[in-house]
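J.: First the structure, which I've put down as structure tokens, then a few questions once you've had a look.
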Amino acid sequence: MQAGRPNSSSSVSPPDPNIDAVAYTPTQMGSTYNPRTNDAQRLSPDSYGGRYGGERDLPHGILGDAVADGVLGDGTGDDLGGQGNGADEEDDGDGKKKLKGIVSGMSTTQWLARKHGVKGRRTMYLVYYLPFLNWITQYRWSYLQGDLIAALTMASFYIPMSLSYASNLGHIPPINGLYSFVFNPLIYAFLGSCPQMVVGPEAAGSLLVGTVVRSSVDQGHIGDDDDAMNAVVAGVVTGMAGAAIFVAGLTRLGFLDSVLSRPFLRGFISAIGFVIVVDQLIPEMGLSKLAKHTEGVGHGSSLEKVIFLVENVTHAHGLTCGVAFGSFAIIMVCRQLKRYIQPRYPSVAYIPDRFIVVVLSAVFTWRLGWDKKGLEILGNVESSTGSPFSFRWPFVPSHMHHVREAMSTSFLIALLGFFESSVAAKSLGGGEGRPSEGIQGMSLSANRELVALGVANIVGGCFMALPAFGGYGRSKVNASTGGKTPMSSIILSLITVICVLFLLPYFYYLPKAVLSAMISVVAYSLIEECPHDIRFFVRIRGWSELALMFLIFAATIFYSLPLGIALGVGLSLLSVIKHSTKPRIQILGKVPGTQDQFENAEYNPQSLEFIEGCLIVKIPEPLTFANTGDLKNRLRRLELYGTTAAHPSLPRVRAPEHNKNIIFDVHGVTSIDGSGTQVLTEIVDGYVDRGERVFFCRVPKSNHPVYKTFEKSGIVGRCGGPGHFVKNVNEALRMTEIVEIGEFYRDHPEQGGA
């Protein structure tokens with residue numbers, strides 16, 4: 001049975017008489033905290049937490065708690081030997097220090113930490129922002145086997161894929177695809193907040209890099225066969241994408257993954273899948289050389305490429321088609337078999353089917369001399385600079401024309417990559433499971449994910465790698481094959497380094513048709529979820545979402561990928577702006593047979609009672625400059641029609657006498673900015689000038705910033721004083737009667753003496 005609520009005296013009195021009551025908010029004071037101690041052991045039932053009552057000083061207000069406390073110290077003498085600010089402390093008899101009174105320059109975090117005896121009050125910030133220091137101290141040798149097997153499995157799947165992404169989609173040397181698995185997983189293992197997520201290149205991001213490379217070729221900035229400059233352009237795109245999300249992380253823009261709507265993402269990703277399938281059909285049919293010499297095909301739209309394929313199907317190379325479509329069929333069959341068998345036999349996830357296809361195709365090509373029969377092979381895989389790892393800072397003045405071309409595409413790569421990483425991280429979770437499940441205490445943070453992915457891609461851009469983000473499929477492979485910690489990402493990076501330094505010659509006979517087939521499988525996975533989403537939106541009659549999906553898909557297919565990007569991002573941003581600027585005010589009616597229950601009267605007005613002479617308006621959200629611009633017009637529609645859904649061309653249908661008393665239910669107005677205050681003041685002034693009475697109900701208390709703003713702006717005075725600010729709608733209705741009777745006797749004094 002749970003304990004009852006404590007009485008007021010026990011909940012407000014500080015447990016220590018030396019602590020100023022003003023500074024106290026109920027919390028457990030006596031326990032000693034060790035960061036590795038279980039919460040159940042550390043916390044007692046009366047641990048309520050709380051907030052420090054002192055004022056925030058300038059350093060904390062500008063720099064935030066982490067920098068102000070972690071770098072400057074907590075202001076009271078920290079556990080690293082720093083000097084305090086002269087705060088009074090005394091020993092409680094157990095060797096622990098207790099604060100006496102309110103201390104200036106202390107944050108709530110540090111106040112709680114000191115009261116709970118938390119050790120390492122400065123270093124806890126470092127552990128939070130550098131998760132490596134958290135998980136490496138918890139690492140056990142028993143985790144190594146699972147991490148090693150997971151890394152080997154991922155390497156067998158995704159190292160050949162990275163070669164495909166680089167050469168077929170990014171139009172850069174294949175080795176640059178490997179760089180994405182050398183640097184990015186390693187850096188994410190140090191900075192990322194999701195232990196089981198593995199970052200690497202993705203089909204969508206690689207294709208977008210390829211569009212920038214092709215655009216630079218079309219504009220004459222680089223040559224079509226200049227691998228070195230192609231790699232430089234890819235490095236610029238990757239570096240810019242990394243810089244964009246790194247800055248977003250520092251400025252706490254972790255909500256950006258919600259900017260792009262689901263219909264846009266589904267339409268755009270499905271279009272990317274279609275574009276990739278069409279692009280890969282050209283090398284899969286052995287038509288690459290013919291396409292290169294056919295004007296308008298290599299850099300044309302998907303529609304032009306489909307027409308080219310239909311017209312030249314008779315020129316397809318038989319051996320290339322057999323190898324490509326045979327590899328595609330084998331991988332797809334294995335994929336479906338794994339889905340069917342894996343629930344009963346989980347160990348089938350360890351079978352590296354794609355790696356086997358790659359190895360066998362290379363062996364057959366070498367032994368049977370397929371390369372001499374017209375089958376294109378990967379050939380020498382080497383760096384365009386001659387060094388295995390060549391460092392080039394992407395943001396130099398000579399690359400500015402590439403920066404301008406890549407600006408919008410890099411931003412979209414960052415947004416799409418972060419969105420997919422967020423989906424993967426939220427699905428996998430942080431270290432919050434049972435102790436036996438691996439790393440503990442690594443809470444997910446969207447802003448830290450942005451910083452980790454940003455740093456990883458900035459470093460990757462310096463080595464001309466493809467953009468790399470967290471992938472749900474890749475991370476699930478890691479988790480399902482035994483990976484429990486970020487050590488699997490570190491091992492994957494080491495395997496890739498070994499591959500770059502020692503195993504590149506063995507890729508010589510790898511058929512390009514097999515790489516194209518592997519990419520086509522990925523493209524198919526991008527498209528296969530689209531029918532499900534279409535059926536869902538049809539079922540709920542989401543015609544606007546379907547229209548957005550098909551519009552983006554058609555623009556990408558029939559014109560170009562950049563147009564699809566611009567159209568999709570533009571429409572998504574317009575949708576967000578429209579939603580945020582639309583006031584969601586409601587007219588309320590009374591539920592018959594109740595005393596104080598009111599509901600939105602717009603949906604079913606016949607079942608509610610309207611109060612004669614009163615317009616009851618509910619404002620269910622904070623008022624800001626964004627949503628108050630149209631507030632006057634929306635209120636005017638309520639006055640004229642009793643709804644905001646009616647077209648303004650309709651003549652007035654609501655009698656003016658029903659608007660003599662305006663009651664605002666502002667329970668949802670938890671904050672209000674200057675612009676919102678100004679608009680609301682003008683609205684109140686307009687009602688008062690027309691002789692209408694204004695009341696506010698469910699207003700925050702008098703010490704709340706919203707009420708203080710009402711007072712300072714003159715709203716309280718214009719309404720008639722604090723008496724017009726009441727607890728609920730019923731009380732406001734009674735106030736309208738009282739005020740109306742008072743005004744009647746004021747205007748008819750002879751009636752008062754009757």
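Just so you know, glycine gets a Cβ as well, placed from its N, Cα and C.
Heads up, here are the entries from TrEMBL:
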COMPBIAS  1-13  compositional bias 'Low complexity'
COMPBIAS  25-41  compositional bias 'Polar residues'
COMPBIAS  73-85  compositional bias 'Gly residues'
DOMAIN    604-736  domain 'STAS'
REGION    1-59  region 'Disordered'
REGION    73-99  region 'Disordered'
TRANSMEM  124-142  transmembrane segment
TRANSMEM  148-166  transmembrane segment
TRANSMEM  178-198  transmembrane segment
TRANSMEM  231-251  transmembrane segment
TRANSMEM  263-282  transmembrane segment
TRANSMEM  316-335  transmembrane segment
TRANSMEM  450-470  transmembrane segment
TRANSMEM  490-510  transmembrane segment
TRANSMEM  546-574  transmembrane segment
J.: With pairs restricted to those 6 or more apart in sequence, evaluate whether the transmembrane segment (490-510) and the transmembrane segment (263-282) have 3+ C-beta pairs under 8 Å.
T.: no
J.: Which residue counts does DSSP give the domain 'STAS' (604-736) for helix, strand and coil?
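T.: Summed over the domain 'STAS' (604-736), the classes give 59 helix, 20 strand, 54 coil.
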J.: Examine the transmembrane segment (124-142) against the transmembrane segment (316-335) and state whether at least 3 Cβ pairs sit under 8 A, considering only residue pairs 6 or more apart.
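T.: As far as Cβ distances go (cut-off 8 Å, pairs 6 or more apart), the transmembrane segment (124-142) and the transmembrane segment (316-335) do not touch.
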J.: Return yes if the transmembrane segment (450-470) and the transmembrane segment (263-282) have at least 3 CB pairs under 8 Å (sequence gap of 6 or more), otherwise no.
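T.: No; fewer than 3 Cβ pairs under 8 Å.
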J.: Thinking of Cβ pairs under 8 Å, which stretch from 148-166, 178-198, 316-335, 546-574 has the most of them with the transmembrane segment (263-282)?
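T.: Ranking 148-166, 178-198, 316-335, 546-574 by Cβ pairs under 8 Å to the transmembrane segment (263-282) puts 546-574 first.
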J.: Who are the long-range neighbours of the transmembrane segment (316-335) in its own chain, taking Cβ under 8 Å and residues 6 or more past its ends?
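T.: Those are 283-287, 351, 353-354, 357, 361, 370, 373-376, 511, 513-514, 516-518, 520-521, 524, in sequence order.
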J.: Given a Cβ distance threshold of under 8 angstroms, which distant residues of the chain, six or more beyond its ends, lie next to the transmembrane segment (546-574)?
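T.: Non-local partners: 207-208, 211, 215, 259-261, 263-264, 266-268, 270-272, 274-275, 301-303, 408-409, 412, 415, 533-534, 537-538.
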J.: To what whole number does the mean pLDDT across the domain 'STAS' (604-736) round?
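T.: Mean pLDDT for the domain 'STAS' (604-736): 89.
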